[in-house]
Every structure is written in C-alpha cells, then in structure tokens.
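Below: the structure, in structure tokens.
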Amino acid sequence: MIILWSLIVHLQLTCLHLILQTPNLEALDALEIINYQTTKYTIPEVWKEQPVATIGEDVDDQDTEDEESYLKFGDDAEVRTSVSEGLHEGAFCRRSFDGRSGYCILAYQCLHVIREYRVHGTRIDICTHRNNVPVICCPLADKHVLAQRISATKCQEYNAAARRLHLTDTGRTFSGKQCVPSVPLIVGGTPTRHGLFPHMAALGWTQGSGSKDQDIKWGCGGALVSELYVLTAAHCATSGSKPPDMVRLGARQLNETSATQQDIKILIIVLHPKYRSSAYYHDIALLKLTRRVKFSEQVRPACLWQLPELQIPTVVAAGWGRTEFLGAKSNALRQVDLDVVPQMTCKQIYRKERRLPRGIIEGQFCAGYLPGGRDTCQGDSGGPIHALLPEYNCVAFVVGITSFGKFCAAPNAPGVYTRLYSYLDWIEKIAFKQH
C-alpha cells in the first residue's frame, strides 16, 4: 500500500512538474478548448480573447512581466502538494493549509499559486487531473487567473470602479473593503449592512397617474447585473394583471425617498424561452431599462456566481418581503442566512408538487432552515440569494433567484431558487451582448 501510494504521488508530482515547465501557452490553450467538450464545466469563447484577467485589483507590471517563468520550477525542485478527495474541475474548494476558498482550475490558469510556490514554497492543492494535467485549488482572490467569462470580468470592473469612487460628501475614497452596519424580508431576518447589496432592485407597478411615490406598488425584487439589465423571476412579470413597469435602485427604505435612489422605467421584459407560467421551471427573466444606471457607492451591478455547484453550507437572501406568512411587508431591506439543502432532500420534499411534473431539476435548488423560523416570503420573489465569501468583505455573489415555496419559514418547507449558473450563458448573451 505504501509503495502504491508513493507511486501515485510521484506520478502527480511528475504531471504537475511537466505542465509547469511547459512554456507554450498557446498550445496548452488549444488543448484546453478541445478537451472541454467532454467535461461538465465549459469555457466560453470570451476566454480565448483574454489571456490574462485580474480579480479584485489592478495587476502591476512587476507581477505580469514574466508570466512564462511561473510555469516552470528549477530542475531539482520538489513540488509540495496535497490531494483533495472527490473534487472535480470547476468545483468549489478550500486550501488545506490556510482555508482560503477557491475553485478547481487547470494549473496553468492560476499563475499566482505557481509563483507563490517558487518564491515561498507554498503548498499546491491538487483537486483532480484532466488528461494528466493537474487541476489545482486556485484562491478566488488571486490576481493571476487565466481566461474568465465576461460576467466575471465585469464583476471585477464594477468593483474596481466602486473602490475609485470619490464620495464628495465626505471627501474620501470608498475602499470597498468594509461594510458599515445599518439600522434594524424575510422571516427571521435582520436589517442589511450598508453597502453589502448595492445591486438590489425593487420592482414596481404604477397605479393611476403614477405622479406620486404612493402611486407605485412595490412587489418583487431583482438584481442589477449590468448598466441596462435587472435580473428577476419570470413569474413576477406574468402572475399579475399587468407586468411591472418600474425599477427602484439604491433604496433601503421603500417608504422613504433618498438622494441615493434611482427610479427607472422598464423598457422590455425578456422571459427565458423555456419558461411557462403553468410550471415552476426556468423561472428567470431580464428587465431592460429605458436608460443606463448611474453607478455609485449605493448602486452597482452584482457579481454572478461562476461555478456549477454551490458547495457552501449557507447562503444569504435579501429583500423587502413579508416578515411573517401573510403578514405585513417590510419597508426596510432585510437579509437572512439560509442553509443550502441537499439536492436529494429538496427533490424528496417537492416530489408531489403539481407544478413540478419532472420534480426538482438541475436548474433549481432549495435553501431554508428545516426546523423552521427563517425563510424568504411573499414579496421576496425575484430577489437574489447570495454567497458571501471571507475574501470579499463587501461583495455578495448572486447564486440564485427566489422562485417559490410552500409556506414562509414552516418546518421542512425550504424555499426553491432558480440556480443562476444554469442560466449564465443566457444572461451573458443578453445583458452583455454589446461586449
């Protein structure tokens, strides 16, 4: 057994050593695109056009001037690795030695980890292999990650812009690294922290003349994903007597006006082509606004989750929905922590749901608190549910859209959410088509 294990480790180190010694990135990229046809995790065309993308902050010239040198070690180098069991390419991961969260990508797509090894001897965590190429755990906050899709690149742009915003009322620059607690949706929830959800949108239905704020009825939620588009649930546009016609951004109190809020009319509603109002499937839509949003500290687009699976224990929902079943709606934006329910449990709970003839599908997931007491509720539909990662103190990644549930916060009745990753290609084709 010891001999076999030694042989396995030797082969892994040999593979990693070979790939890190390979200077021909173009040849590797060609192999990358061809072989991704046989994997669950796919690389879009935009990855071919961006040889190096940055996460979080600008990369200075010193960090990028010699990328090929980070692809190889010295001839006598011994690569320190650890093997993670059961992780596939594209999976969420945590490094064994420091607990940093990341995702599993090919070794040559995470140059910063390679440089860390060469300079500091930092351990490399191997998730799996593809065609003898090591797939390693690459921290989400690393600056050197090759080939990102457009929504990931836009996330970086939006947050870099937010850090550079000059707040004229205070004369300082917004760092984006700390969220300021707010004052005291969601059943069992708490008020949101200021700056944590600048992408939150409230959908409105104009009543009468619509000349006054009282003439707008606020219902569903949504998430700003670009300068012109808001993401929401398809049923929010089809379940009433008329569709929503207004979006409010930058508001934390719906019953109060503020200098930060922006009210913008809806120009076009784009339902997912497979959505049918008679079923709960493909419950997702994009709202095109009549004008571009003005970005500020309080208003900027969301970051969209880039991985096929969540593999995180909890998510955070936000909205202005009811604070109890059939109770009054909340005027204050609130948030609640929810447990991600195992997919098999989710399928079992909703196996007899009339509007789910095929049961829970891959494009859906459940979240809640099975003992009861915490949940999204009426009025939260269409609002985003988020992953909060320690590396990004003030950035919430949208992982899903609130779709439906049995009751609010009842035991063994988690809410059902549209899984964002399943529709990421569709979102990008519409919201970022000018790019």
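Residue 1 is the first one shown; counting continues down the chain.
Any Cβ shown, glycine's included, is placed from N, Cα and C.
Cross-referencing CYS366, CYS377 with Swiss-Prot gives CYS366 as the cysteine bonded to CYS346, criterion being a recorded disulfide. It is CYS138 that, of the disulfide-bonded residues CYS93, CYS104, CYS138, CYS346, has its Cβ surrounded by the most other Cβ atoms within 10 Å.
On the 0 to 100 pLDDT scale, the domain 'Peptidase S1' (186-432) averages 85 in the predicted structure. SER381 (active site, charge relay system) carries neither a helix nor a strand DSSP state and counts as coil. Here CYS110 (disulfide bond) is compared against the recorded positions CYS127, HIS235, CYS366, and the shortest C-alpha distance is to CYS127.
For the pair formed by CYS236 (disulfide bond) and CYS366 (disulfide bond), distance between Cα atoms is given as 19 Å, rounded to the nearest Å.
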